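Novice: A single structure is presented below for examination.
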């Protein structure tokens, strides 16, 4: 028998994250007071994390279609066609709140959840990436959070057997109370064998697969839909516990069952667990669902209907099976040592019925739980425009060389080797370009193709000007894919913002989305999947707006690619794109001058596309020997990164007349690349650039083992490498 359920009170409703008007909507919808289990189901399905109730109307403005898009937003992951009946399946998703409370488990289950999203579609995962945002290094919790999150990301990916090939790691005081853990997974599938979540057919068996259900993760989706306050540590029981070895078994069992043509529909149990997966399958298929919780495999005794429906135990799937394949499917899952249980059936009623102990614990209209959840058009105000900061208003350093050494040893610009060396980035044997470059490159097995993968965003730009910041996040992903020789095909986004009930925060969200949409349209770079994470605030203090962009591009021939490393001495260094010396919101202004001010650099999308297409053409023609896009830190930081990657120095000319030296070297103008070419190709390249109207000038030559700027002291690469690579391990070791 099911245990008695508590009485519904206003306090109980509020504790479930439901506003009074939302509860009234429930009463109007079902014509009675909900049961405790029903209240939990509504709370799970109508929270921000599952329903996107504050963001859906704005997400509709994103471009999602292209001839190569096989599946856009709305499924577990997006799917794009790369030819030869091959498809790339990918998505990015956040696990922010759990990772702040319990960093190791929060990060592991974030990775596990996004991997399930990919293999649920029928794809074998081939790569993971991540974007990690931590608080100020001096904050007492930051070191602990970095350690736990990085160990969790590596622990799950390494054990599961998928390489973690790239990402971002940043530090800023605005993340002190809310870190961000955005995980991206990429997989390969046959283009004609993609599996979706929509159930079809009446009377079809609904099967529970994978690990047993426990009480871990209770209320996780609801927690992710509210801001933190005092006592957030008490929410530790809502953090799920992951088992990468069980997930590996689940992957192999699912792919085998799919290959045997057993599956009608499949959905992983992520946020809101059994509730969300069952409702989504039924609602998308215009069907009802009857569940019998007595059949659910559990690992704890005495679990109530409420607990089973809202548990977020990991490594679980829900599947609608072809009835004649039931015994075959069960044999496959038993072989892999996983639970297999028929827990319900599809019905024609369009109702969601949950039974436990012979008693109906929930009987609700399924469409209103899923597709027709509340939708808000929240008030928003446009972010005020900040003044342009002119280069002559920014103090010059005592020495350009000294400033470079200092910048390379700052938290955001230092080498993140300490992070990515904890990840197995070569498992599987298909990683062609490892972390540390512009984009990772992963081979598509059994052929010449490669995938270029990147994650990008510059939150300080998004804070200063959400529209330009949104454009720039997409543009940088496009540039990074281009810089390795890839043709950018599509993106997934992970939109991390504060409390949407504050008009200024909603204004940031709307502005960033408009910028993302404009850039995606200009580049023919559609959005095929994504995630929205709101309420990233603690005690009223929100994060920087952080719309992470995960980009995927294709190399038809991975041998025609580029890296950022200088290849040989005596090669010409070319700067492609115009430099005006934009210092507003630059790392130089922040970390050398102590000012976070001004408008961010504008993004000219037409120039971005023209410059990128030319650079990609140079790579494919074999003319470019090294390529690097310019971003944080500007020209001189990018040059130092190329020199360190190749262990070859450079002799650099003085800035041209008319531009302030520190603005030339550290300005963050957009749409620029550094390219090296052999001496024999120099005149041809310069002539070609002039003919197509692309700004290109030689700024130096590769040489020796120092960076030597005309009029400045030479910087030994060994000293630069020490500055660049020691800050993070020293910090994590408590030395700074």
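Numbering starts at 1 and runs along the chain as displayed.
Cβ coordinates come from backbone N, Cα and C, glycine included.
Taken from Swiss-Prot, the feature active site applies to 49. Look at Swiss-Prot and you will find 52, 91, 493, 530 tagged as ATP binding site, backed by sequence analysis. For 93, 531, the entry in Swiss-Prot reads Mg(2+) 1 binding site, with the evidence type sequence analysis. The substrate binding site annotation in Swiss-Prot covers 94, 95, 96, 97, 116, 240, 312, 313, 314, 533. Among the features that Swiss-Prot reports, active site, proton acceptor is placed at 95. As annotated by Swiss-Prot, Mg(2+) 2 binding site applies to 117, 268, with the evidence given as sequence analysis.
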Novice: Can you tell me which of the recorded positions 49, 268, 530 is spatially closest to residue 96 (substrate binding site)? Compare CA atoms only.
Specialist: 49
Novice: Which of the binding-site residues 52, 268, 493, 530, 531 has its Cα closest in space to the Cα of residue 94 (substrate binding site)?
Specialist: 531
Novice: For residue 96 (substrate binding site), which DSSP three-state class applies?
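Specialist: DSSP assigns residue 96 (substrate binding site) to helix.
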Novice: Pairwise over 94, 95, 96, 97, 116, 240, 312, 313, 314, 533, annotated as binding substrate, what's the top Cα to Cα distance to the nearest Å?
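Specialist: The two farthest binding residues have Cα atoms 21 Å apart.
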Novice: Take the Cβ of residue 314 (substrate binding site) and count every other Cβ within 10 Å, whichever protein chain it belongs to.
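Specialist: I get 29 for this one.
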Novice: Measuring Cα to Cα, how many Å separate residue 52 (ATP binding site) from residue 531 (Mg(2+) 1 binding site)?
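Specialist: Their Cα atoms are separated by 9 Å.
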Novice: Should any of the binding-site residues 117, 312, 314, 531 have a Cα within 10 Å of the Cα of residue 91 (ATP binding site), which are they?
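Specialist: Near residue 91 (ATP binding site) by Cα: 117, 531.
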Novice: Measure from the Cα of residue 314 (substrate binding site) to the Cα of every one of the binding-site residues 93, 117, 268, 493, 531, then give the nearest.
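Specialist: Closest recorded candidate to residue 314 (substrate binding site) by Cα: 268.
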Novice: Compare the C-alpha of residue 531 (Mg(2+) 1 binding site) with the C-alpha of each of the recorded positions 49, 117, 493, and give the closest one.
Specialist: 493
Novice: Find the shortest Cα-Cα separation between residue 312 (substrate binding site) and the recorded positions 49, 93, 268, 530, and name the residue that gives it.
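Specialist: If we rank 49, 93, 268, 530 by Cα distance to residue 312 (substrate binding site), first place goes to 268.
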